[in-house]
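In what follows, a structure is listed as structure tokens, so that the remarks can point back to it.
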Amino acid sequence: MKAARTAALLLILAPVAALAADPTQPEAIARANVMKEVGKNTKILGEMAQGKTAFDAAAAEAAKAALIAAAAAAPAAFEVQGAEDPVSEARPEIWTGWEDFTAKATDLRVAAEGVDTASADGLRTGMATLSGTCKACHSVYRE
Ligand code: HEC
């Protein structure tokens, strides 16, 4: 009984631990929120592309629009470095390599704009290009 209760408690605590890792500095919160939006909508498109969720052209189009908006919002959200935030994953190279960083944000927006939401096949092709732009930026600018 006790072991089962402990296991249940651990399951409840796991998401709390994940939340505790969120940044506390306002600038870091703002940029993390933009990236969360990017992540959320990429996941929606990716799961549809993989057939994990049923293809839904309207939902795909909505996720694409949200992704484009988040990509467009990224440069402004990252512009001010702000105070050091211990859990922020943003590398200081963002602000020393600002032009390259914003060019990579533009690559993300352009890739998102290019996603064909008319079919699951279109999504699969678009997601391949899109995920390349995530990696290109994260490998240089994210801890
Ligand atoms: C222009 C650069 C850039 C591009 C392009 C980019 N990211 Fe990020 N991403 C970052 C940086 C930098 C961070 C760390 C931000 C921080 O911790 O302050 C990050 C963080 C994240 C996070 C963590 C957010 C959190 O704190 O919970 C997710 C999820 C994420 N990115 C998803 C994506 C996905 C998916 C793509 C591609 C579709 C993508 N990103 C494209 C720069 C980028």
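Here the Cβ of each residue, glycine as well, is placed from N, Cα and C on the backbone.
Sequence annotations record features per position, and here TrEMBL assigns signal peptide to 1-20.
Residues or ranges marked as heme c binding site by TrEMBL: CYS134, CYS137, HIS138. Sequence-distant neighbours of CYS137 (heme c binding site): residues of the same chain at least 6 apart with a C-beta under 8 Å from its C-beta are PHE101, LYS104, ALA105, ASP107, LEU108.
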For HIS138 (heme c binding site), what is the tally of other C-beta atoms lying within 10 angstroms of its C-beta?
14
